[in-house]
Structure formats: C-alpha cells, structure tokens
Amino acid sequence: MFKNRKYAIIYTFLLILRFWFSQGSSYIHPDEHLQSFQIFANKLFGWKVELPWEFTTKKPIRSVVPLNVMLLPIFLLCRCICKSNCSPYPILLFTRLYMCLISLLIDLSIWNIVPLNARWSALLLYSSSFMATTFQTHTFTNSIETIFFFLTILFLSKLNSVPLNKKISYLYTFLLAIVSVLGFFTRITFLAFVIAPYIYFSVRCFKKNVNNPKDIFLHLCIFVSVSFATVLACILEDYKFYGVFVITFWNNLKYNSQIENLSQHGLHSRLTHFFTNMPLLCGPLIFVPKLWDVRKPATWLWLLPVFILSLFPHQEPRFLLPAASIFIVNSGCLVRSYWIKFLFVMYAVVLAVFFGIMHQNGVIPAVLEVKNIIEQRNVTTMENCNLYFNPEMPTTIYFWKIYSAPTWMLARPKFSQINTSHLYNYSTKQMISKFWETYYEEVKVVNLPEENTTEFQASTLLVCPVAMLQTSSYLQNLTMLHYIPYHVDLDDTDELPLAELIMNHGIGIFTAKEICENNTITNELPTVLRSVG
C-alpha cells in the first residue's frame, strides 16, 4: 500500500511536469502548426492563413476528420469563450493543455494492457520520457496517431480478456473498428504500427474461441460493417471540407511511394530510423539486449513498424512516436536495473528541456511581437524615428532562417493586405536584395494633418536570427524594432560556427532605416544594395 502511494506521488509529479511543459513556447517542427492551427484558424476564426500544401494540392493527402475528432472541440470552446475577440496565444496554450489531457488516454491504455506486477514501472517510465512531456503535448498528427495506436492495443487486449458472447465484447469490437479507421485516416503509417498487435491478438482470440465460430463471425461482421461506415463518414467529411470527393489516404500512399516526391522533403539513409531516430527517442534503453529479443511478441510491436517505415527514405524521429512509446512501455516491464532507468530519466530530462523549452523558442514570441507592431500602427525604432503601419496597405513580412512561422498567430482578417513569405534557403546577399526590392515597391510617406507631422509608412519587415546579420555590413541599413533574446537555433551551424550562434543568440525584427531628405524618400538605393546588384 505504501509503495503504491509512493508511485502515485511520483506519477502526479510527472503529470504536473507534463502540464508545465505543455505551456512552453518551444517549436519542435512546423507541422505542429501547419497541419492543425492553420486549418482551424481559417475555418473557425476567418483569419487569413497560408494553408499547407497537403490541403491545397489537386489531390489532397490529409484528411480533416482526425483533426475534427481530436482538436475541434477545444477550438470550438475557445471560440465560444472569446466570441469574436480571440487572441492567438491563449488559443495555443489552451490547445496544448487539451493535448496534454487527451494524452492521458495513452496512460489509461498502459494501465490496462500492462500486467499488474509491471504496471507502475511501465507507466512511470513512459511518463518520464520526453515524448510524453513534449511531443504528446504538441499538435502533431503523429501524437494523435500514437493515441489511436494505444487505444487500438487497449481494445484488442480487452477483446481478448472477455468471452466473445458477452455484450461488452461487441462494444470493444465497435470501438476498435472506429479507432482503427480514424488512426489510418490520421496517417497511413498507422497501418504499419497495428499489423503486429492485430496479428498477435487475433491469433490469441481465435484460439480461445475456436469452438464458437458463430461469435467470431458475428464480431467480424460488426468490425467490417462499422469500419466501412466510418470510412464513408470520413470521406463525406472530407468532401464537405474540400468540395470534391477525395480519398486522402490513397492519395497519400501514391505520393509517398514516389522517390521524387520524398526528395523534396529530404532523403535519408534507410538505416536512419534504426541507428539515429530510435536511439534519439529511447536513449540508453535502446542498448538493452533483452528488448531486442525477437522471440517475444512485445518486441515485434515496435520492431516491425520500424522495419516497414525504414523502407521509405524520408525518415524523421517523430514518425516513430508510436513505436518508440511502446518500446518505453516494454522497457518498463522488462528492465530491472535502476541504473539504466536512472540514465534514461536523466537523458529524458535533458531532451525535455531542449525540445520542450529551448528549441526554436523565439519564433512564437517573434510572430506575436510582429502582430503587436502592426496593431500599434505607430512604432518608434531604436534610432527614435517614427514608423507608421497601415494594415490596409500592402505589407510584406519576411521570415528568414527560422522555422516556418505560425502565421495564423498574426490573426489577420481574411482580406488583409499583410502578406508573409518564408525564405529559409536564401543566402544573406539574396535575402537583403529581396528585402530592399520589396521595400522600395511598398514604402510611402504619410502626412498626418492632425499632428502636423510626416512619417514613413513602413511596409516591409524582416524576422531572422540576429546572428545571421550580426557581422554583416548589411545591418547598417536596417533598424531593429524588437529583439527576442531567448532562441536556440542549431539549424544554421553549417553557415555559422555554433559558438557564434550561441554568442549572438536571439531573433530580431528589422525594417529599413529612415532614408529621407526634406521629408521625401530618396530614390537612390543604399550603397550596400548597389553592391549587391
């Protein structure tokens, strides 16, 4: 009894940590915004957004159904609370809090599928992993896929724990069919993850009920009919969103089966999942030999999907979230060494701090500051010159050398003249040239008769890491409107030494310095721009 109380206290502490990490401003990957917030910001709030290509291509490869099932409730709640005056940052925090809450479905599944003697060990080890504290609290489709994966295993195990002629077994079959279809519509990789549990539990179920073929047949009929009905419902829901009948998972499969398509997102060695991504996600546990024992069915729950996904050359760590999560659960059941568990927890803490707090954590504050700058209209630069922003006039915001900015957080009206552009791969010379070209197309002088003053209507903004311009002569013609000091960027170490990125950390919001003589804008380009040309 005392031991259970101790475990419960530790688990409560880990839950508090999970909720705390969910409220951070870290930015793990652009897809956590592109494939969720960008969709609902346009759909529910009427804000101007740049929809991701998966939803705008002629053959869409993403279904909106999983998003509607898992995320729509919290977005509707936010809209009901704030009415027409919604602020993007509270929406972000509420949604991450909601993701944290629904991640408890994984904890519930672990509690029910793990044997009693290893239940606390598995639950605590998983809860201490950085996947639970970071990835599962962010709005990734991979996180939603992981929830559906564990629910699938839960219903399969429940179906095996009761006779098939019991009424409750029909409910398990019904829920299993729905969850499986929703998981597949979330990501087609879901099929790779559920092959092993379906085979394992189906064989066990058949052996237990071999003398009841009618019950087996009835459950199969229920499973097939409910699955078919769910598929039709998903297709109809996608039709309402896209305006045409589309089978998104089929388009997704065709797209990802072509190497030339995958090459646009980056090609990796087919060994990346095994030798890089799984070790990254699982830390020191990956080196425990007993967890690789292929004679145990639990090993195949993670080994088979990793092998299948390794056949595709585009490989990212988040693609393995379900496999890595079940690997951690299995570790909690089999690993007895406290030293190995301690090393894993220390490793998880470091990764949780990095991904949950530090990683690209200046991007979201930078976007919010851009929103404030535009809404304030009158801004004083560090050189004490006044700039005037008119949201009704064309304004271009360039995001350079940072993750694709979550532009939904600008909360622009649907027909706003404020445009955004992400130019990650531009060189410094190309970026500065592009900036000035746009600036001289858009900048104007505005007379303010009430104040009897003349100010510049600034139009073009540049948001980028300050390290990229710190040692550049190009900086002399730019003025910084705002500085976000806390930003960890390890993606530009190929261009700048890591020490320089650390020393000159942070993100700056820049615009052109005042270039005027006698209240008129000169048509002469800055010297540095002429050198670019």
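Any Cβ shown, glycine's included, is placed from N, Cα and C.
Around ASN261 (N-linked glycosylation site), taking its Cβ as the centre, 13 other Cβ atoms fall within 10 Å, counting all chains. What Swiss-Prot records for ASN261 (among others) is N-linked glycosylation site, and it gives sequence analysis as the kind of evidence.
Among the features that Swiss-Prot reports, N-linked glycosylation site is placed at ASN378 (among others).
With a cut-off of 8 Å between CB atoms and residues at least 6 apart in sequence, the same chain places PRO394, THR395, THR396, ILE397 near ASN419 (N-linked glycosylation site), listed in sequence order. Sequence annotations record features per position, and here Swiss-Prot assigns N-linked glycosylation site to ASN419 (among others) based on sequence analysis.
If you take the C-beta of ASN425 (N-linked glycosylation site) and look for same-chain residues 6 or more apart in sequence within under 8 angstroms, you find none. DSSP assigns ASN425 (N-linked glycosylation site) to coil in the three-state reduction, placing it in neither a helix nor a strand. Annotated N-linked glycosylation site per Swiss-Prot: ASN425 (among others), in sequence order, evidence recorded as sequence analysis.
Sequence annotations record features per position, and here Swiss-Prot assigns N-linked glycosylation site to ASN452 (among others) based on sequence analysis.
What Swiss-Prot lists as N-linked glycosylation site is ASN477 (among others), and the listing cites sequence analysis. Around ASN477 (N-linked glycosylation site), taking its Cβ as the centre, 19 other Cβ atoms fall within 10 Å, counting all chains. Under the DSSP three-state reduction, ASN477 (N-linked glycosylation site) is assigned to helix.
Residues annotated as N-linked glycosylation site in Swiss-Prot: ASN518 (among others).
Per Swiss-Prot, the feature transmembrane segment maps to 8-28 (among others); the stated evidence is sequence analysis.
Here Swiss-Prot flags 61-81 (among others) as transmembrane segment.
For 91-111 (among others), the entry in Swiss-Prot reads transmembrane segment, with the evidence type sequence analysis. Away from its own ends, the transmembrane segment (91-111) comes close to residues 18-19, 22-23, 36-37, 70-71, 73-75, 77-78, 119, 122-123, 126-127, 132, 136-139, 143, 146-147, 150-151, 153-154, 325, 329, 364, 409 of its chain (Cβ-Cβ under 8 Å, at least six residues beyond either end).
If you look up Swiss-Prot, you'll see 144-164 (among others) marked as transmembrane segment, on the strength of sequence analysis.
Same-chain residues lying 6+ beyond the ends of the transmembrane segment (175-195) with a Cβ under 8 Å from its Cβ atoms: 63, 65-66, 69, 141-142, 144-145, 148-149, 151-152, 155-156, 159, 222-224, 226-227, 230-231, 234, 248-249, 252-253, 256, 304-305, 308-309, 319, 322-323. According to Swiss-Prot, the transmembrane segment annotation covers 175-195 (among others), on the basis of sequence analysis.
For 216-236 (among others), the entry in Swiss-Prot reads transmembrane segment.
What Swiss-Prot lists as transmembrane segment is 274-294 (among others), and the listing cites sequence analysis.
Look at Swiss-Prot and you will find 297-317 (among others) tagged as transmembrane segment, backed by sequence analysis. Within the chain, the transmembrane segment (297-317) has long-range Cβ neighbours (under 8 A, six or more residues past its boundaries) at 29, 153, 189, 192-193, 195-197, 200, 256, 259, 262, 265-274, 276-278, 280-281, 291, 323-324, 326-327, 330, 333.
If you look up Swiss-Prot, you'll see 319-335 (among others) marked as transmembrane segment, on the strength of sequence analysis.
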Checklist entry - Mind checking which residues reach the transmembrane segment (319-335)? Cβ under 8 Å, same chain, six or more beyond either end. => result 106, 110, 114-115, 118, 121-126, 129, 131-132, 135-136, 140, 142-143, 145-146, 149-150, 153, 189-190, 193, 273, 277-278, 281-282, 285-286, 288, 290-291, 298-299, 301-302, 305-306, 309, 341, 344
Checklist entry - How big is the gap, in Å, between the Cα of ASN261 (N-linked glycosylation site) and that of ASN477 (N-linked glycosylation site), rounded to a whole number? => result 40
Next on the checklist: If you count every Cβ pair below 8 Å, which range out of 144-164, 216-236, 274-294, 338-358 shares the most with the transmembrane segment (8-28)?
Outcome noted: 338-358
Next on the checklist: Under 8 angstroms, Cβ to Cβ: which one of 61-81, 274-294, 338-358 has the largest number of such pairs with the transmembrane segment (144-164)?
Outcome noted: 61-81
